[in-house]
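Per TrEMBL, the features are as follows:
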ACT_SITE  Lys10  active site, charge relay system
ACT_SITE  Thr55  active site, charge relay system
BINDING   Thr55, Asp56, Phe155, Arg172, Gln215, Asn241  urate binding site
BINDING   Thr55, Asp56, Phe155, Arg172, Gln215, Asn241  5-hydroxyisourate binding site
BINDING   Thr55, Asn241  O2 binding site
ACT_SITE  His243  active site, charge relay system
Amino acid sequence: MILGQNQYGKAENRVVRITRDGTTHHIKDLNVSVALSGDMEDVHLSGSNAAVLTTDTTKNTVFAFAKEHGIASAEAFGIALARHFVAGQPSIRTARIRLEEYAWARIETPGPRRHSFVRENQETRTAQVTFDGTDWEIVSGLKDLVVLNSTDSEFTGYLKDRYTTLPETRDRILATRVQACWRHASADADWDPVYRQAREHLLGAFAGTYSLSLQQTLYRMGTRVLENCPGIEEIRLSLPNQHHFLVDLEPFGLTNDNEVYHAADRPYGLIEATILREGAEPRIPADMTTLA
Ligand SMILES: O=c1[nH]c(=O)c2[nH]c(=O)[nH]c2[nH]1
């Protein structure tokens with residue numbers, strides 16, 4: 001038998017690089033897949049690993065390069081990595097780096113602090129209209145509104161039991177994919193302006209809240225919408241906590257001052273709650289994914 005085309009590497013390294021320029025932060029968010037090929041007959045045929053640069057090393061290299069070289073663009077980052085793998089190991093003849101870059105737009109907030117972002121072109125607007133011949137129920141909303149604060153988020157003081165390992169943090173990334181449904185008091189409203197206002201207040205409260213937990217941020221987001229949109233009676237929010245773990249770069253002799261993160265996609269904390277006006281009847285179901 002003959003060994004045909006083969007390649008190996010670590011796929012889908014989700015690297016987030018924050019660059020802090022005073023109170024203005026910049027973000028680069030990539031999904032990087034490394035595929036190496038070269039003198040790999042032995043590892044397949046005899047089991048010798050002597051020519052193998054481990055997939056684990058390729059992953060570490062992605063995160064270390066994010067720190068050392070920064071991420072100017074997907075192409076520049078891919079070029080630096082490919083050159084490193086091919087130049088660094090005689091057994092590696094070809095490196096193919098595939099990159100996806102996720103675009104973030106800045107959420108502009110009053111004041112000098114600029115560390116809030118919204119993922120571009122993600123969200124979907126939703127609506128559910130119910131009429132039983134007498135009564136109307138109009139629930140508007142959105143889903144997949146992805147937002148991120150690169151600072152002004154901490155999480156401390158929580159319960160600890162024998163299974164708790166989470167370290168307390170006074171500075172973390174807070175990121176979530178907002179799903180929101182809001183119920184209107186009447187079937188007669190200016191739907192588009194109200195949608196725009198609700199969305200703007202969700203973003204404004206997310207960006208403007210110094211967060212002690214995602215639960216607290218959620219409550220502020222819902223409250224801000226009710227305070228500013230008098231025609232809305234009730235709002236329900238479902239916020240997956242999209243964890244960003246600080247990468248340990250110490251083994252490579254590098255510091256990580258909240259600059260390089262691994263964006264983990266699962267499992268995720270799921271924080272959900274309804275905020276209502278006093279006297280309003282709770283009608284949006286807890287499992288509102290059925291609505292959106
Ligand atoms: O904002 C948070 N709320 C939690 O309930 C929680 N739990 C956890 O592990 N991390 C976080 N973060």
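Cβ from N, Cα, C; glycine included.
Highlighted here are the recorded positions (Thr55, Phe155, Arg172) whose C-beta falls below 6 Å from ligand 1: Phe155, in sequence order. Summarising the environment of Phe155 (urate binding site), the number of other Cβ atoms within 10 Å of its Cβ, over all protein chains shown, is 18. Under a cutoff of 8 A between CB atoms, and with a sequence separation of 6+ in the same chain, the neighbours of Gln215 (urate binding site) are Ile271, Ala273.
Counting every protein chain shown, the number of other Cβ atoms lying within 10 Å of the Cβ of Asp56 (urate binding site) is 9. According to DSSP, Arg172 (urate binding site) is assigned to coil rather than to any helix or strand. The local packing around Arg172 (urate binding site), expressed as other Cβ atoms within 10 Å of its Cβ over all shown chains, amounts to 21. The Cβ of Thr55 (active site, charge relay system) lies under 8 Å from the Cβ of Tyr8, Gly9, Lys10, Val34, each of these being in the same chain and 6 or more residues away along the sequence. Reduced to three states, the DSSP call for Lys10 (active site, charge relay system) is coil.
All protein chains considered, the CB of His243 (active site, charge relay system) has 18 other CB atoms within 10 Å. His243 (active site, charge relay system) has Arg172 nearby among the binding-site residues Asp56, Phe155, Arg172, counting only those with a Cα within 10 angstroms of its own Cα.
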